[in-house]
Structure formats: C-alpha cells, structure tokens
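What TrEMBL annotates here:
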- 98-386: domain 'Sugar phosphate transporter' (DOMAIN)
- 99-116: transmembrane segment (TRANSMEM)
- 128-147: transmembrane segment (TRANSMEM)
- 216-234: transmembrane segment (TRANSMEM)
- 271-290: transmembrane segment (TRANSMEM)
- 310-328: transmembrane segment (TRANSMEM)
Amino acid sequence: MSFSLKQSALAACNDVSNSVLQRRSLSCRSSILPPLVFQNNSKRTNLSLSKPLHVSAVEIIAKDKEPVIKCRAYEADKSQPIEAAAEEVKSEAAKRVKIGIYFATWWALNVVFNIYNKKVLNAFPYPWLTSTLSLACGSLMMLISWATRIAEAPKTDFEFWKTLFPVAVAHTIGHVAATVSMSKVAVSFTHIIKSGEPAFSVLVSSLLLGESFPPAVYLSLVPIIGGCALAAVTELNFNMTGFMGAMISNLAFVFRNIFSKKGMKGNSVSGMNYYACLSMLSLVILTPFAIAVEGPQMWAAGWEKALSQIGPQFIWWVAAQSIFYHLYNQVSYMSLDQISPLTFSIGNTMKRISVIVSSIIIFHTPVQPVNAVGAAIAILGTFLYSQVSDPVIHEQ
C-alpha cells in the first residue's frame, strides 16, 4: 500500500482543526478498528515528501486506557523492509528443503528396515524377539546419546510417564502385530493392509468416541476398504495370521494416536525424545511377554540354525533391522514436529508406496494384475482420505 503526500495537500490538512477531524472520525469509525485518537499539538508539522510512503506496520497500543492506532511507514527507496521480506522467503525455502530431507530420509530408512526385517524373519521366525531387539537397540542408542550429550535429555516427571503408558501399550501391540504379520506374509501385503488404518481411525472415533465426520470422509473409506479386500482376496500367499496381524496393528496404532492426542497436550518434549521415551517404556512392557510366548530355548535353537544357514552376516541383518527401525521412527517423529498432520499423513501414504514397490522388486514377490489394482485403489483411497479430513483436523 503506498501513497504520495504533496505539500499543498499537507498544508490543507494542517489547517483543519482537531474538532473537525474528531467529528469525521466518529462517522468513519470501523466496526473492527478501535476509534482513532487525535492529540492536540500546538506545533505545526510541515512535511515535504516527494517519494511515496509505504505502510510497513499497523499496531494497536493502549495509552491512558484508550486504544490508539500506531502506524509505521517507510520511503519507497528504503531497502530494509525488502531485505526483511527476502530473509523471510529464504527462511521458508530453507524450511521446505529441511522437510524434504526429512521425508527422503524417512522413506529411505523405512525401506531399508523392511528389507532387513523380512530377511531376519525368513531365517529367524521369532517376531516377538525381533520386535524386542528393535526397541532395545533404539533405547540403548538414545541412552548413549543422552549420556554423551549428543542429544539433550528430556525433563520428565511421573505425570509424563503416566500419560505415556497407554500410548506405549498401544505402540507395543501395534509393533509386535506388524512384525508377526511380516513373518507370515509378504512385506507388500502387510503394507497394503496397513494402508487401511484411516478406516479404523474413523470407525473407532465414530463408534467409541462419538465423533462425527463429513460425508466426504466416509466416502473416502469405500476405496480403502474395497482396495484392501480386493488385494487380500487375490493375494497368492494369503495367510490368516499375517492378515490378522496387520489388522490388529492398524487398530492398535489408531488407539496409540488417540491416547497421544489426549494425553500429550501441552507437552514440551521434542519429537525425538518423545519417541525415545516411548521405545523405553514399550521395551519394559514387551520383554516379559516375549519371554513367555517364545522363550530363550526357542531363541537359542533358532539363532544357531540361522547362523548355520546364513553365516555371520545374519548378525549384521539383526543389527541393521534394529538400528533402522529406531532411526526411521525417530525421523518420522522429528518430521511431525515440522509439518501439519495432513502433510504427515500424505508422507505416510507415499512411504507405503515406496515400501511396497521396493519389496516386490527385491524379494521378487509374485503380483497378479487384480492384486496390483486392489493395492492401487487402497492407496488412492488413503490419499483421498488425507485430503478430505484436513478441515476436520484443523477444526479439532
């Protein structure tokens, strides 16, 4: 916004009395802005501006309990506001680059984890121990980071861990169920079924929490459910345990998100440290159940068999799947600190596409055309859900 003040106009304005200005201000008062306050000043101010003025800031201040509008302007040839705008553009560009790096790293780490996790489970079919090692490795990495001050340790209290407990329970169930699923079926099939998580989210929120959604949200569930059903029916290596594991994982992660939303409001712990604390508490919860379900004797026998078949590189496979599991989750939580839930959900959908495609190529998974169509429909439905649910997320 710019205006040019001429000397003649200014002289005319200076001759107008304050009383006339006050009367006119009453008739021109805005319903939004507070009333303009004019102060009597015996000194005449002669302004001579040959260059246009640009309004740079308008603020409301309180003076003697009366609101006053304060306006700042600068001459057209001044460069400071332009430089500030340039700095803002650079900052926004740097933020986008940072988010892009987060996304690329998140997807790459997730692909690597799924590959090594499937290799480990093919040679060592003990998903409970595999899940435990993933959490243990991540917890150890963060404890070392805190001890060496590579990362700043979070300040927590009893209330923090109390609200984190139901989140950790749901996270543990979802993690183990997904690992059980991948031990029984192809990685691509597990992730196709897990793309149906939005359907579980809407159904649980509607039936248990009494929330309502626009018709577009419910309509977006049709391709998700239909695509997952079509992919499951046409899956060549269908296994009920693998299918149910993926379904239970979807349900558990929905409850994890609900508990996180309700219990972590106003929490100041960063995304990286929040996931570290979540991993540690999940490890405490999971360990006794892993021992009861599988046990050290089964682990020892399976370990020897895997080493004899694969060789020493099996140890690297186990270490890699544990390390990359923690890293990809940590980066995803760091991404969530920088972006909106909508952008995160879209990134999660694209992540599943990269995992499905890469696992089919690496493991030579046979895919029928009908199966591929079902997967594409389910993923498309997930993308549409993320689009139509954005207004609901902002309203909440």
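Cβ atoms are placed via backbone N, Cα and C, with glycine included.
TrEMBL does not curate its annotations; it predicts them automatically.
For the transmembrane segment (128-147), the neighbouring stretch richest in Cβ pairs under 8 Å, chosen from 99-116, 216-234, 271-290, 310-328, is 271-290. Computed over the domain 'Sugar phosphate transporter' (98-386), the whole-number mean pLDDT of the model equals 87.
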